[in-house]
Structures are given as C-alpha cells and as structure tokens.
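So the structure is just underneath, and the comments pick up after that.
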Amino acid sequence: MGTPYYKRVLLKLSGEALAGDQGYGIDPLTITTIAAEIKEVVASGAQLALVIGGGNIFRGLAASSKGMDRASADYMGMLATMINSLAMQDALEKIGVDTRVQSAIAMQEVAEPYIRRRAMRHLEKGRVVIFGAGTGNPYFTTDTAASLRAMEIGADVILKGTKVDGVYSADPKKDPTAQKYPRLTYLEVLKKGLQVMDATATSLCMDNNLPIIVFDITTYGNIKKVVCGEEIGTVVKGE
C-alpha cells in the first residue's frame, strides 16, 4: 500500500455493512474482510478511528415510528452499536491489530469510557479506536456521533462506507436514470436532501469544514484507495 494521503481518518460504517448479504446480524466473513483491510491501512501509518451504526441489530427510529418511546428506542440502538463495536474489536485483535473500544455510555466491564485525550493517545500509538454508543444521547444518530468524534480527535476526513459507490440523485437500484455525483458541497447535500449523512451531521461537518467521502465498502481495497487519496466515491466539502 502507498503512503497515506490522510494521516488520521474516521471511518463510519453502517450496521448493515457488517450484515453482508444476509441483511441482519453480523456476518463473520464480512467483518473479517473489513478487519483485514483496516489492518493494511493501519500498517501504512494512517491512524484510524471507527464508528459503527446498529441498524443490523436494532433500528431506534423504526421502533419509535411504531409507537415505542423514542428515547428508549435510541438507547437500545446505542447498545446495538456496542455489540457491533465489540465484534469488530474481536475481529481486529484476532489478526493482531491493537484495538480499544470507547463507549459514550458507562459499561466499564466491556469498554473504556469515552475520554478524548486517551483516544488520541491510542491513535498516536497506532491502535484502532472504536467509538461505541453514539453520542450517548437519544435523538442523535451515529452519523452525528461520527462527525462529533471526528472533530474531537482532529481527523482529516470522514470516510463513510456504504453499499453503493457514492452519492446518487436517486436510488440507483430503483431508478436506472440516477446520476452519480463525483463532488458535492455541504449546501447541495442539505438543499437536495441527499442521503449522505443526516442534516445534523452534515451541518456539523460544514461548520468545521471537515470533508466527507462516501464510497463502496463492499469492494475490497477501497478503504486503502480512499486513505491514499485516490478519487473514488463522492467527495463532500466546502465551496
């Protein structure tokens, strides 16, 4: 692998990215493949932090729309992200990558509490840091948690790994005329209501001028390509 273009990155994965083709739960082959690629990125000298969603286990928003109390549903979603975080930690440590999970909700038996300075020390020592339990507050998505943590640790970029190879004008699986955007501004994303991140997360990135790159995580080698500065997917940045 070449020299990393970005020295410190925050990789945001949806929970569904861990589910593979089965669509729910955690697919061992998928998580092992992602872990192997992360190992190569860290070996190149890049510092990598992770935020993983929980949608493969529980979707708080969907549950609240069916009548469940929104705060309770969101807390359940945060616990789902912790299950994914611990699974990813296990997959990484099995292949020799030092990994720490930091939780925004206290659960000292399984994870460190989130402490910004400690997280940054781990990264400086070449460890992968996984931020679990979102922001620790209901009504905030894991996208917003990813934006917040990226700012706090001084990341150069947020890499959002999805199942499509960028941002489209419509769902490419449903609409064959959907156009892929190679580049977008934050305002274009917000005005067009594009599914990059939710509005809160996008606004946070815009206010702090943090670029977002949306790319296809299902193709092996793409994380390395993005970290090395290769132009794949869609780049979202200021004017």
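Every residue, even glycine, has its Cβ placed from backbone N, Cα and C.
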Swiss-Prot annotation (region 'Involved in allosteric activation by GTP') - matching range among 20-25, 98-103, 170-175: 20-25
Swiss-Prot annotation, UMP site containing ASP74, THR135, GLY136, ASN137, PRO138, TYR139, PHE140, THR141, THR142 - matching residue among GLY54, GLY96, GLY161, GLY166: GLY54
Largest inter-residue Cα distance among LYS12, LEU13, SER14, GLY15, GLY55, ARG59, THR162, TYR168, ASP171 [record-listed ATP binders, Å]: 24
Greatest C-beta neighbour count within 10 angstroms, which of the binding-site residues GLY54, GLY55: GLY54
Mean of the pLDDT scores, which run from 0 to 100, over the region 'Involved in allosteric activation by GTP' (20-25): 90
Distance check against SER14 (ATP binding site) for the binding-site residues GLY54, THR135, ASN137, THR141, keeping those with Cα within 10 Å: GLY54
Per DSSP, three-state class assigned to LYS12 (ATP binding site): strand
